[in-house]
Amino acid sequence: MQTFTGLVSVLLVFLWLGGNLVSPLRPICDLRVLDHFVREARDSEVIMRGCRGGCGAMKSYFVPLTSVDFAVLEHMDVNGQAVEVQTGLSLLDQALSNAMKTVSNSPLANALDNNISNIHSLGQILHSLDLQARSTVLPDDSAPASTQTQEVSSLPELLQVQSSFLRGKVRLLLSAAPACQRQNS
Amino acid sequence: MTKMSDRLKIVFMLCLAFVTTGGQHFESKVAQLLQDETEDIKCFVELKDLTCFWEEEEERNNLQYTFTYSYENKNKMACVVSSLSLLASNKTVFFCKLPKTPFFTTLDVQVFRDGRMLYSRSLNAENYLFLDPPRNLTVLSSGKEGQLNVSWLPPLLKYMDDSMIYEVRYAVEGSNMGKVEVIKVSTMLVLLGLQSDTRYKVWVRVKPDGVAYKGYWSAWTEPVLGVTQPSDLDPLIMVLVLFIGLILCLLSMTVILSHHKFLLKKLWPDIPTPEHKFPGLFTVCKGDFKEWMSQNNSSMWGRSVQVYTEELPSPLEVLSEVSLTSHGTSQREERKPVEEDEEKESERSDSGLTDRWREPPQAHWLMEQLRALQENPQSLSQSLLVQSHDTYVTLNQNSQGDGEREVDDVFEETLPLQTLFTTTGTTSLSTSHSDLGSLQQSSGSGRLSSQSSFEYPNQTWPPKGPGYTYMAVADSGVSMDYSPMSSSRITELGRHRMYTNDYKNEIFLHKWPLFGEHNKSGSESCMGPVW
């Protein structure tokens, strides 16, 4: 009997730990991290412009919408923004991974790889700010284009979308994150 | 109804005010981009609204134009075209302000005129921010030397205030040389390394930092003046300087006080006066020696004699005889009648002139001379004034009883010298000449030619008063050269010349305190002709 209760208690502990997959992170509110990612996304665009051969096949990619209307943004809540950003990051991650498969140019491939890892880091940052969407299910390629997505037909366009998305929606979300607001005030 | 109209009016006025405030900067931005931007259709974002404009030279109506824009594969949207006349450059500009500007997406803008596409451009709106200059620029003294605190307000843009970069320009008022400081995000800056107590002009402008947003530099703000603090000395240094200064003052005071007598003597030397030797001469008799002499009796004489005996000997100038017979008469013509007596006066030897005199004969002779002078009061007054500074020394081989011996002594510079005292210092030079004339001529071989002896009078003497007779004698020594007498004498005199040159001034100044008024320069001038 005693061993049984002991086991149960141990199990409960494990379940509780399992509930929290990752230990809570300190909120990363410094936007210079994001600025670094933005610069690296811009570097990919530059490399793309100078790429001659092995620069990826013409392929359509589903990418998030990047446009920001400040008037609309003011009325939007943070969680809504967080969902939008999370979804968009997932889309970009997928698209970039698909694109990298067709790229043989090594500088470009390295740049793309860099961008992908940056997007993963952004996910962590959002998680630290408690803004990560609960549902992390990524839509597959065959999923219909939602109102929040658009289609691009080339890698340069994809990179441009990535750059705009990071500078716009992601940045605005991070600057508006409540966890960072509490720190500042 | 009236309420509605009033409300409408208020709204209209507010809108107008809003537009005009935007218009102040708007026109200047348009003007600037007209110059700087190379694109045909120029676009900038002001207060989160994108404005695109183009220039038209010909007279056109704005209704002729059609402005469309689209983004993210959406349908084209139209924008109303307006016209603006720039007063400064007298140009007409057509522009369109997008009502809802999408950021972080590619905008496709097109301009049509009469159905034909005029301009086309694709751009991201967040890359063309054209901000207004910062507001409320304040420049204050920071309380420290050479520093100024500069602060301002950021542009009124939400979501963008952390993406700004500022440029602060400052220059001394009136100077064209300015420095620029770049500062990111922060709206405050401390200017360092400035001159103290100087007026500075400060300007600020702003631009997006280029990471998330890009754009053009804003216009400079209006200059704001600030004054730096005047340099103040560190109080510790001040105290130390004062303390050291005080110590130095005390030291110098101590030195001065301890040696004040010496310093006073050096800076303000006493003019020696013979007053203490001649009591009452200046106070009672007003310098009248005759009167004083008459007042005083033998005690005075003894004292004066004693004075002379106290004199240290000075080198003896050996001269040849001076034949004064002919020239003495000629000189008499020049002389004052009073001086005739002087010629006859027996000379008094000057003990101070020679260091080879034997004291007893000197004193004895002196006494004789004095007695002789006493018998002739007239000449006395003129010749026995101690303060006279002329002393003519002549050699007179026959004047003394022991002339033979003295002749030898002459060669050894030991001949007794006869001195003539001239009249007071106020006498003219001619007087001295006459005194020269009174030189007794020796009958010896060393006779000075009368001509030569009176070369002096022919020369110009300085009107300061007669110099030393010594000098006169020395000159007459020159004339000695002309005489066909012994060369040995000449050489000796040459030596004397040397002596006169060397000893002259010093001896008379040191050894003759009574004759302090002797004119040194007079003696020097006397030396001139000698050489």
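In case you wondered, yes, glycine gets a Cβ from its N, Cα and C as well.
TrEMBL does not curate its annotations; it predicts them automatically.
Since the structure is predicted, the reported quantities are computational estimates derived from the model, not experimental observations.
Here is what TrEMBL says about this protein:
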SIGNAL    B:1-23  signal peptide
DISULFID  B:C43-B:C52  disulfide bond
DISULFID  B:C79-B:C96  disulfide bond
TRANSMEM  B:236-257  transmembrane segment
REGION    B:323-358  region 'Disordered'
COMPBIAS  B:345-358  compositional bias 'Basic and acidic residues'
REGION    B:425-461  region 'Disordered'
COMPBIAS  B:425-453  compositional bias 'Low complexity'
Restricting to the same chain and to residues at least six past its boundaries, which positions have a Cβ under 8 Å from a Cβ of the transmembrane segment (B:236-257)?
263
In whole Å, how far does the CA atom of B:C52 (disulfide bond) lie from that of B:C96 (disulfide bond)?
5
Enter the number of other CB atoms within 10 angstroms of the CB of B:C43 (disulfide bond).
24
Counting other Cβ atoms within 10 Å of each Cβ, which of the disulfide-bonded residues B:C52, B:C79, B:C96 scores lowest?
B:C79
If I take the alpha carbons of B:C79 (disulfide bond) and B:C43 (disulfide bond), what is the distance between them in whole Å?
14
List the Cα distance (Å, whole number) between B:C43 (disulfide bond) and B:C96 (disulfide bond).
9
